[in-house]
Number of protein chains: 2
Amino acid sequence: MPIFLNTTDTDFEAAFAAFLTTKREDSPDVDAVVADIIADVRARGDAAVIELTAKFDRLELTPQTLAFTPEEIETECAKVSAEDRAALELAAERIRAYHARQMPEDASWQDDTGATLGWRWGPVSAAGLYVPGGLASYPSSVLMNAIPAKVAGVERLAIAVPTPDGICNPLVLLAARIAGVDEIYRIGGAQAIAALAYGTETIAPVDKITGPGNAFVAAAKRRVFGKVGIDMIAGPSEILVIADRNNEPDWIAVDLLSQAEHDESAQSILITDNADFGQAVTAAVEKRLETLERRQIAGKSWRDFGAVIVVQDMAEAVVLSDRIAPEHLELCVADADAMAVQVKHAGAIFIGAWTPEAIGDYVGGPNHVLPTARSARFSSGLSVMDFVKRTTLSKMTPQALAAIGPAAERLAISESLEAHGLSVRARLDRLNET
Amino acid sequence: MPIFLNTTDTDFEAAFAAFLTTKREDSPDVDAVVADIIADVRARGDAAVIELTAKFDRLELTPQTLAFTPEEIETECAKVSAEDRAALELAAERIRAYHARQMPEDASWQDDTGATLGWRWGPVSAAGLYVPGGLASYPSSVLMNAIPAKVAGVERLAIAVPTPDGICNPLVLLAARIAGVDEIYRIGGAQAIAALAYGTETIAPVDKITGPGNAFVAAAKRRVFGKVGIDMIAGPSEILVIADRNNEPDWIAVDLLSQAEHDESAQSILITDNADFGQAVTAAVEKRLETLERRQIAGKSWRDFGAVIVVQDMAEAVVLSDRIAPEHLELCVADADAMAVQVKHAGAIFIGAWTPEAIGDYVGGPNHVLPTARSARFSSGLSVMDFVKRTTLSKMTPQALAAIGPAAERLAISESLEAHGLSVRARLDRLNET
């Protein structure tokens, strides 16, 4: 049974605090193994990647077959139905349109001393996208990772997607082609992350790695962070639905299940101001669970981590939501727009009952790579910003240096950094001479 | 002697590649120690922090003396000279003005299906800034970290600054007060990072941690990444000066030394199209090194990691600069503005001979926390963006859902995520009923 809380319960605060800190994932400590794998790939390059792929994916590769050839990609893409292709293309078009608006602007201005200040944005030169293989091999994730990179202007975009036993998902390859990916490698795990970060004889290193993965991939990303940029360490995901009684319980139930079906450590939470409505949704979830294809996974997630929280009023709902800082927040309330404005911490907000979260997973336009495990408190979903970086610009005139240089010199001296001060003083002295 | 390369040397490419991969820092592997410290602070809170501070900083604290009191801060600030105070205030004002322009804008628009899409930015609620103690305790870094946070709207800003043997730098406390810091703790090392990330009885946890530190601090930041946001793992820093013969060799020499004096693993590089000028700068560096206060440090950095690279023309200089992706890039050339436009990878550019890099360390306005060790390829200096996060917004109408819902349903089915599809289908069915 999911947890059922009411803010009027005397022990609510303790129960909610415990709920917030519930650990939903038993991350195995694979750090030592991953460190060895990375060292091996750095030392032996292709040979290590090929051996590890044989071991973990039961797939024999050569340096020549590490990457899919254009013909192989073509053959796989041809297997996709016209309907699936059209759906992918609609999704790609909408994701591109949304992300195109995210390109940050350069700036340049002159201040009152005559100094010119500003900044300029530019794309990362090469990016690598990790795409999980097997069950969780999602073409939508390829679009969500690759399109922001291409919109940002990334010149070279490589994908690593493991193909255990040689099995690949044609939709993943088609999504990569639609998004404009340049290279696709049939490798996975920590060895793929190491190959992308450090390069091998066959795989050129990239500057930034994004994309979800298992514990090995996450540990590897954490380790190569600094050598390359990474997006985030994704944890199990969650949805929070805030709904009043004027909703169809079954709609809310399937929305909750659409998160629960991802994996057993996913979390689905309903906050409502009506206990009867909460019960009705719970009943609807149970009914749907009878026939759902992934009822094993979704049922376990719902029983273990699901929650229904009854609040006195919707202001209370927003406060609790901010403490949860959900990855996905659905607002099915009378004035959803007004509530959305009040929310401080959420990865993505879906406003109104006609906006099921699944729209955002595929075709809404915003990115579906979002901060999990309460990290919406400090981080954002994937965007064009992840594939650009800023160079700050400063240009002094002699007059500007005369105006602010003495303060710099003074601070340099106070920090015992004499040469810093001298680099300003040498110029100021010249000004005084003339 | 610094390395002296010429792009016309037959072995230039090999020598430059080796130069690029030279390891300048022997990071001790302190990860196991740091893991223990973090676990200890999580388990025992204040008691662990106090014990570790006694051990590492030879300072006996109690829960009551972990933080500076307002009176203590006042007393320390009163020790600062009027001139230093004025310099700090000028710096703060300019940094604030520059960063105020970085606030990103919210967006909202309606697309052709009638869906409303957009995003909203909001500040991180609480941030922690690490400030190294001892020699490298720089008030300028306090301003550079704290002001962007306050400009972003961070409500609670805590500083951790170790005070070994109880010694603190009054300028650090004054900088914190000028920047609007709310809490100052006299703790450091991995224990400070753990306390900020997980909280103790006395120290409330924060959502984001920024600021430089030693190997222990860096390892701790890497470990708490995910629980909180972090800025970057800073490595030894570097300056690249591109200068033609029409420069005063001594100016360039002090600019190079202003980086070299930071620490022995700092790196100063000159690229010039004139070998004689390169020699003249080298001679000027040697001359300055005779009397420089920090000549031990600067001399070692210059001898071990300094470099003079002679190019055929300035186009070559830009290409090499992008491969180095320097933290600081000074352009002392005829048309520095034009060259700045061509540069792809650099943390900060200082345009023209009247803009010594040290101006950017203190009073220019842009941030001096910049990507080191070639990470300007994929990351940016500290900014307001580090203290805000984005929530994406989607609102469908029934018509919008009718237009794009079927594609979402199709993709959900292709990914075997039935409930995702059902959450769309349930609503589409209602539309078809009416």
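The backbone N, Cα and C atoms fix where each Cβ goes, and this holds for glycine too.
Note: TrEMBL annotation is automatic and uncurated.
Record features (TrEMBL):
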ACT_SITE  B:Glu327  active site, proton acceptor
ACT_SITE  B:His328  active site, proton acceptor
BINDING   B:Tyr130, B:Gln191, B:Asn214  NAD(+) binding site
BINDING   B:Ser237, B:Gln259, B:His262, B:His328, B:Asp361, B:Glu415, B:His420  substrate binding site
BINDING   B:Gln259, B:His262, B:Asp361, B:His420  Zn(2+) binding site
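When the Cα atoms are compared, B:Glu327 (active site, proton acceptor) and B:Asn214 (NAD(+) binding site) turn out to be 18 Å apart. With a threshold of 8 Å between Cβ atoms, none of the recorded positions B:Asn214, B:Ser237, B:Glu327, B:His328 neighbour chain A. Comparing Cα positions, B:Gln259 (substrate binding site) lies closest to B:His328 out of the recorded positions B:Tyr130, B:Gln191, B:Asn214, B:His328.
In sequence order, B:Pro132, B:Ala160, B:Pro162, B:Gly188, B:Gly189, B:Ala190, B:Ala192, B:Ile193, B:Gly213, B:Phe216, B:Val217, B:Ala220 are the same-chain residues whose CB sits within 8 A of the CB centroid of B:Tyr130, B:Gln191, B:Asn214, the residues recorded for NAD(+) being left out. Mapped onto three states, the DSSP output places B:Asn214 (NAD(+) binding site) in coil.
Within 10 Å of the Cα of B:His328 (active site, proton acceptor), the following binding-site residues from the list B:Asn214, B:Ser237, B:Glu415, B:His420 place their own Cα: B:Ser237. Closest to B:His262 (substrate binding site) by Cα-Cα distance, out of the binding-site residues B:Tyr130, B:Gln191, B:Asn214, is B:Asn214.
B:Asp361 (substrate binding site) is surrounded by 27 other CB atoms, counting those within 10 A of its CB over all protein chains shown. B:Gln191 (NAD(+) binding site) is surrounded by 29 other CB atoms, counting those within 10 A of its CB over all protein chains shown. For B:Tyr130 (NAD(+) binding site), the Cβ neighbour count at a 10 Å cut-off comes to 28, with all displayed protein chains included. In the three-state DSSP reading, B:His328 (active site, proton acceptor) counts as strand. Ranking the binding-site residues B:Asn214, B:Ser237, B:Gln259 by the number of CB atoms within 10 A of their own CB puts B:Gln259 at the top. Secondary structure from DSSP puts B:Tyr130 (NAD(+) binding site) in a beta strand. Rounded to a whole number, the C-alpha distance linking B:Asp361 (substrate binding site) with B:Tyr130 (NAD(+) binding site) is 18 angstrom. Counted over all residue pairs in B:Tyr130, B:Gln191, B:Asn214, the record's binders of NAD(+), the longest Cα to Cα distance measures 13 angstrom.
Between the CA atoms of B:Gln191 (NAD(+) binding site) and B:Glu415 (substrate binding site) there is a gap of 45 Å. Rounded to a whole number, the C-alpha distance linking B:Tyr130 (NAD(+) binding site) with B:Ser237 (substrate binding site) is 18 angstrom. Look at B:Ser237 (substrate binding site): DSSP puts it in coil.
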